[in-house]
Amino acid sequence: MDPFASLAEAYEAWYGTPLGAYVIAEEERALKGLLPPGESLLEVGAGTGYWLRRLPYPQKVGVEPSEAMLAVGRRRAPEATWVRAWGEALPFPGESFDVVLLFTTLEFVEDVERVLLEARRVLRPGGALVVGVLEALSPWAALYRRLGEKGVLPWAQARFLAREDLKALLGPPEAEGEAVFLAPEAHPPYEEADLAGRRAGNRPALYLGRWR
Ligand SMILES: C[S@@+](CC[C@H](N)C(=O)[O-])C[C@H]1O[C@@H](n2cnc3c(N)ncnc32)[C@H](O)[C@@H]1O
């Protein structure tokens, strides 16, 4: 069952709210800070193409299994090549891409290890694997876990990973990024709430790592 089937059209709507706009801008800053230059980018689990629209690579490919997300992605990010496929079996020869991005996708795949192996297989020698996860120990994951327990999609089908899980699977990253230390209940001004969350020692909502 596709947990995104009924969510695709409205998937980006939250980014239009004040908190959503703050969160996504912080995530974009962290992601762009970690992505290396290159010719070709593959995003696995590219969703509605939010990142493919914003990332400045000459060749962009999105892999997406959900027909509903894929339809929205194709419409909103026509500059990318879209392929309906699963991260566990990428339909590309080895050493095809300079950069492979997994952004909050591992939470929803069947087989995390298989997806990571596939991502590495299709990377050119010296290419970069960039992985972003919704940190399992963050206040945001606590909220989403609770919603999932109540059957709310897509969280009912999510599994959360902490940075330690990624490092156990991939080894030490070459570089790391973090964003969104404020809690989901934060009030404006969000910059102050974010700083307070950081000072309080909150795990951020987003952890990013880059591996070669
Ligand atoms: C939370 S969304 C993230 C979408 C996009 N990366 C973004 O940040 O806007 C997770 C995406 O992973 C996709 N997905 C689920 N299982 C997958 C799999 N086995 N392989 C690749 N993508 C998968 C979902 O269909 C969904 O579009």
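Just so you know, glycine gets a Cβ as well, placed from its N, Cα and C.
Going by TrEMBL, these are the annotated features:
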BINDING   W51, E64, G87, E88  S-adenosyl-L-homocysteine binding site
DOMAIN    42-131  domain 'Methyltransferase type 11'
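Shown here: features listed in TrEMBL, placed on the structure.
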| residue | record | DSSP (3 states) |
| --- | --- | --- |
| W51 | S-adenosyl-L-homocysteine binding site | helix |
| E64 | S-adenosyl-L-homocysteine binding site | coil |
| G87 | S-adenosyl-L-homocysteine binding site | coil |
Residues satisfying Cβ distance under 8 Å from E88 (S-adenosyl-L-homocysteine binding site), sequence separation of at least 6: V109, E110, D111, R114, V115, E118
Predicted model, mean pLDDT over the domain 'Methyltransferase type 11' (42-131): 98
Long-range Cβ environment of G87 (S-adenosyl-L-homocysteine binding site), under 8 Å and at least 6 residues apart: V44, G45, V63, L102, T105, V109, R114, V115, E118, A119
Chain-internal residues near E64 (S-adenosyl-L-homocysteine binding site), provided their CB is under 8 angstroms and they sit 6+ positions away: G45, A46, G47, L70, G73, W82, V83, R84, A85
For W51 (S-adenosyl-L-homocysteine binding site), the number of other Cβ atoms found within 10 Å of its own Cβ: 23
Greatest inter-residue Cα distance in Å for the S-adenosyl-L-homocysteine-binding set W51, E64, G87, E88: 21
